[in-house]
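Data first, discussion second: the structure below is written as structure tokens.
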Amino acid sequence: MENRWQVMIVWQVDRMRIRTWKSLVKHHMYVSGKARGWFYRHHYESPHPRISSEVHIPLGDARLVITTYWGLHTGERDWHLGQGVSIKWRKKRYSTQVDPELADQLIHLYYFDCFSDSAIRKALLGHIVSPRCEYQAGHNKVGSLQYLALAALITPKKIKPPLPSVTKLTEDRWNKPQKTKGHRRSHTMNGH
């Protein structure tokens, strides 16, 4: 019988970013209580030797599973040290992989207070309106003009520590163009 391969998307992430993300998840699960209902599975609870941890996030009758891996093949760069993250959406026996932006939007639908388009309607009906969005990573579009006007009136309050964003976890820090401070150039290069 032949080997049958399954391919899945795993974002290469450096281990310090994974470590920070895990500690943020644990903080909001056990200390702040904002991630109520989330389940953290340690590496020793998984039968798979490459799984470093799993975070199960209930989304109604479905769930989002964020799995971190270690001991993977290293990438083409020195800093690709064999760490990675995969994101799955599961409902009963069906599962599919999702990208980090969609994962953040799904988390935002079910968790964390938000000052969004519905705030305008709630304010008109006399309901209590949350003055800010706690989970900015869940927004990837510009709000309506009414929303932007209301948001301009209310100054956002920074949350310490920040909420665990899947997009932030998987972003590519290494291939971003470097920003340099000032105009430091060699005098011989520009002729002055």
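Cβ coordinates are placed from backbone N, Cα and C, and glycine is handled just like the others.
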14-17, 46-49, 130-133 - the one Swiss-Prot records as region 'Interaction with host APOBEC3F':
14-17
Please count the residues of the region 'Interaction with host APOBEC3G' (40-44) that DSSP assigns to helix (H, G, I), strand (E, B) and coil.
2 helix, 3 strand, 0 coil
When the pLDDT values for the region 'RNA-binding' (75-114) are averaged, what is the result?
77
Kindly assign T96 (phosphothreonine) to one of the three DSSP-derived states: helix, strand or coil.
strand
Under a three-state reading of DSSP, tell me whether S165 (phosphoserine) is helix, strand or coil.
coil
Candidates T96, S165: member of the modified residues with the richest Cβ shell (10 Å):
S165
